[in-house]
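Asks: To start, I am sharing the structure in question, which I have written as C-alpha cells.
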C-alpha cells in the first residue's frame with residue numbers, strides 16, 4: 001500500500017481484495033516526460049540510494065544505475081566506507097558518498113557524534129533529491145539500522161528516513177530497509193510518499209507493492225495488478241532494478257500538472273512494474289537460463305523506448 005494513513009493495512013485484507021488489471025502502458029506514457037533542449041541537468045530526476053556495505057555492493061549499484069538507464073539525470077549512493085571503492089569501480093557515472101559507518105568502527109561513546117556527522121552530510125544534499133531508495137545492500141549492522149528491542153540508542157538509516165520525511169522527499173523502501181520498517185512502522189505510517197516493494201515471502205507487515213507472478217499495487221483502497229509476462233528466471237537483483245526504476249517514475253509523476261486520478265507513488269509503481277517486466281522478457285529471450293541482472297539492466301532503455309517512444313521538443 002502506498003502511504004499508511006492511520007492504521008496498518010493487514011496482509012489478509014490485501015490478499016483477498018479484488019484487483020483490477022491496469023492499463024500500465026498508458027500510465028507509463030502519461031508520466032514519462034519529453035526531452036527538451038531547454039531543460040537543464042537534474043530536471044529529469046535526481047535519485048539517491050542509501051545502501052551498500054562490505055558484504056553487499058552489487059545491490060546499490062543495480063538500483064542506482066537502473067535509475068540512470070530509465071532516464072534520471074543524476075544518481076547518488078550513500079554507502080559505508082568499505083563499500084565505496086567497489087561501487088565507484090563499477091561505474092564512473094554514479095556519485096558515491098562513503099559516509100555510513102558500521103558498528104565495528106564506532107565506539108559506544110562516539111555513536112551520537114558520528115550519527116550527527118552522517119545526518120549533517122546527508123542533509124547537505126537532501127533538498128536536491130527527487131526520491132530516495134532505502135535498503136539495497138544495506139545489511140543489518142546495528143549502527144546502520146537498529147533492530148527491535150535493541151539496546152542501541154542510535155542508528156543511521158532511520159534518522160535519514162526521518163529527515164527525508166521532514167523534507168517531503170519520496171522514499172522507495174526495499175531490501176533490508178523493509179526489515180527496518182517492519183520493526184519501526186512509525187517511520188512510514190501516515191506518509192503518502194512512501195513506497196514498499198516486498199516479495200511474497202517478505203510480507204510480514206504493511207505491503208505497498210507485492211511482487212510476484214502478477215504485481216499488485218494498492219493505495220489501501222483499490223488494488224491494481226500488472227500481469228504482463230516478464231521472465232521465469234529469478235536471478236537475484238531484480239528487486240534492486242525495480243526500486244531504482246520506481247524512484248524515477250515517482251519523481252516524474254510528481255511533476256504532472258493538474259490532479260491525476262492516481263497518486264504519484266501508485267503511478268510510479270505501475271510504470272516501474274511494466275518496464276521491468278518488458279526488460280526481463282527481452283533479456284530472457286536473448287540469454288535464457290544464463291540471464292543475469294546486468295542483462296536486464298541493458299534492456300531497460302530499449303524496453304522503455306518500445307513502450308513509450310521518446311518525444312523530443314526542440
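Backbone N, Cα and C define each Cβ position, glycine as well.
Pasting the relevant annotations from TrEMBL:
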BINDING   137, 199, 200, 201, 202, 203, 204, 205, 240  (6S)-NADPHX binding site
BINDING   211-215, 230-239  ATP binding site
DOMAIN    24-307  domain 'YjeF C-terminal'
Asks: Quick one: of the binding-site residues 211, 213, 215, 231, 233, which has its CA closest to the CA of residue 240 ((6S)-NADPHX binding site)?
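Replies: Looking at Cα distances from residue 240 ((6S)-NADPHX binding site), the smallest one goes to 211.
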Asks: Within its own chain, what residues at least 6 apart in sequence put their Cβ under 8 Å from the Cβ of residue 235 (ATP binding site), listed in sequence order?
Replies: 291, 292, 293
Asks: Counting Cβ neighbours within 10 Å across all chains shown, tell me which of the binding-site residues 137, 237 comes out on top.
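Replies: Going through 137, 237 one by one, the largest Cβ count within 10 Å is at 137.
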Asks: Measure from the CA atom of residue 137 ((6S)-NADPHX binding site) to the CA atom of residue 239 (ATP binding site) and give the result in Å, rounded to a whole number.
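Replies: Their Cα atoms are separated by 11 Å.
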Asks: Would you identify which of the binding-site residues 215, 240 has the most other C-beta atoms lying within 10 angstroms of its C-beta?
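Replies: Of 215, 240, the one with the most crowded Cβ is 240.
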Asks: To the nearest Å, how far is the Cα of residue 137 ((6S)-NADPHX binding site) from the Cα of residue 215 (ATP binding site)?
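Replies: Between the alpha carbons of residue 137 ((6S)-NADPHX binding site) and residue 215 (ATP binding site) there are 23 Å.
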Asks: Are there residues of the same chain, six or more positions away from residue 213 (ATP binding site), whose CB falls under 8 angstroms from its CB, and which are they?
Replies: 227
Asks: Using a 10 Å radius around its CB, how many other CB atoms surround residue 231 (ATP binding site)?
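Replies: Here the count is 21.
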Asks: Taking 10 A as the limit, how many CB atoms besides its own sit near the CB of residue 233 (ATP binding site)?
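Replies: I count 17 other Cβ atoms within 10 Å of it.
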Asks: Can you tell me how many other Cβ atoms are located within 10 Å of the Cβ belonging to residue 239 (ATP binding site)?
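Replies: I count 24 other Cβ atoms within 10 Å of it.
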